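For reference, the structure is listed below as structure tokens.
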């Protein structure tokens, strides 16, 4: 009798997360929470998202359709779920953590053009699926510290049954075949709807979803049952029988009070113990020390603070997901609950409209964005807040709006950004030299911005240096425009201080007003929200929430700030209009 073929020995386990019935079931949060639980058990965990859309990355996608673009340390523009992964695992991931159909097809077609397939007919199977497998298995590589992951959690985007997802599901099936069933685990998320008229929970959608998954060769090892209430044991037993899943692997996940409660929900259902047992991983108790402290701060705040987020894309809160999470984490650092007021920037263009929109808030956050719509409203919100001592934090475009508002306050009444008004006589925000071809339409827009982590040097004793506790920092970026250095001296007449620059002093990274001019009005060209963690809040957000609490505790008495002399336009301010911008 021939010997059975042995699978290659591997120390790394693969856990695939799929979804059925409907989208937006919380696959990303489920995967992130399970990753957090396994990490708390002392395991090395990394994560990956497979997205079935044809875009190479989400960088050029409409934020109303896709939500935010999450930028990694190495400059990849990725899905917002990668942000969940980083926040729950408390570790940085690379661009390899997000794979799209567009990336896969681009690579395969490029190989075909180079003749690497030696005349083969290039097809979805095996060529596309092989490229997907290569990217999945590449996650097994050691990190910068030389540690290989114990577990790779791979979330497959889309819904089982979608045409777009089929190559990814087939690739996952083949990974299981290659690494061995004992090294692979499939977790399927499904909806159990509650029918109010009959007062029943329905299992049929889950049964059909699992049947569709099994029809392509994948039998789930565990099921996440999403519902607005607990699924009773008799129904769990029925689902286990009809879907051929162990009863220990049928997990009820009712809606939780906050996303940070989800690990506790999964642990209560013993999902992490079941995964450890099935994959033969080292069994250690969960260390809840750090997470329990987080949950105390989430559920037992000592104070409440109201922050206005003045944005262009507020109709879809996911467009500012990392900003919102960083604000909440800043509140955790101050033992405070942050109540967010979503304010459309168009509603703040005049003093009267800004006063109406921002009347009872304790702080104003101006997030990033692109395009001219709503810009005057962002500037109007900054003007209102500056006059009244209301704390402000500006991110990326927010810094640029702070600079424009400051320039206008000292007589450069037509000051603007070259992005919004290419013909402005005072382009206080100019196009970066290496971005001019992209802006002119002579180069690709996708993946060509100033992306990823860059260092900055802060002015000693500045507000930002005090917040960070150091003068050397690194933050992630995503922009094409910068402060025009030609106007630095003129803008400084407003009192605005350029408190942080690139190490060579050329690119403005941070601006602020000194405390004697305004208690907290700070802008950064970076996106610090991308490095915030619930258990390690970002210092800028913690400082901003702290300043907002100070404003609130002063009973919101609107104190008029020292008046900045308003310069009358006399034509002299345009003497620089023909000077070449050093930006």
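Quick reminder: no glycine exception, Cβ is built from N, Cα and C everywhere.
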> Among 23, 24, 409, which residue does Swiss-Prot name as a further CTP binder in the site formed by 162, 163, 164, 202, 203, 204, 205, 206, 207, 238?
Replying inline: 23
>> For the L-glutamine site that Swiss-Prot describes with 369, 397, 398, 399, 400, 480, which of these is also annotated: 349, 414, 419, 459?
In response: 419
>> Looking at 538-560, 561-583, I want to know which stretch Swiss-Prot calls region 'Disordered'.
In response: 561-583
> Which one of 74, 79, 81, 90 goes with 24, 25, 26, 27, 28, 29 at the ATP site, as Swiss-Prot has it?
Replying inline: 81
>> Let me spell it out: for each of the recorded positions (81, 419, 529), count the other Cβ atoms within 10 Å of that residue's Cβ, using every protein chain shown. Which one has the most?
In response: 529
>> In whole Å, how far does the CA atom of residue 27 (ATP binding site) lie from that of residue 419 (L-glutamine binding site)?
In response: 37
> Of all the binding-site residues given, 29, 163, 399, which residue's CB has the most CB neighbours within 10 A?
Replying inline: 399
> Could you give the maximum C-alpha to C-alpha distance in Å for the residues 23, 202, 203, 204, 205, 206, 207, 238 that bind UTP per the record?
Replying inline: 24
>> Counting only residues 6+ away in sequence within the same chain, which have a CB under 8 Å from the CB of residue 400 (L-glutamine binding site)?
In response: 394, 417, 429, 481, 483, 523, 525
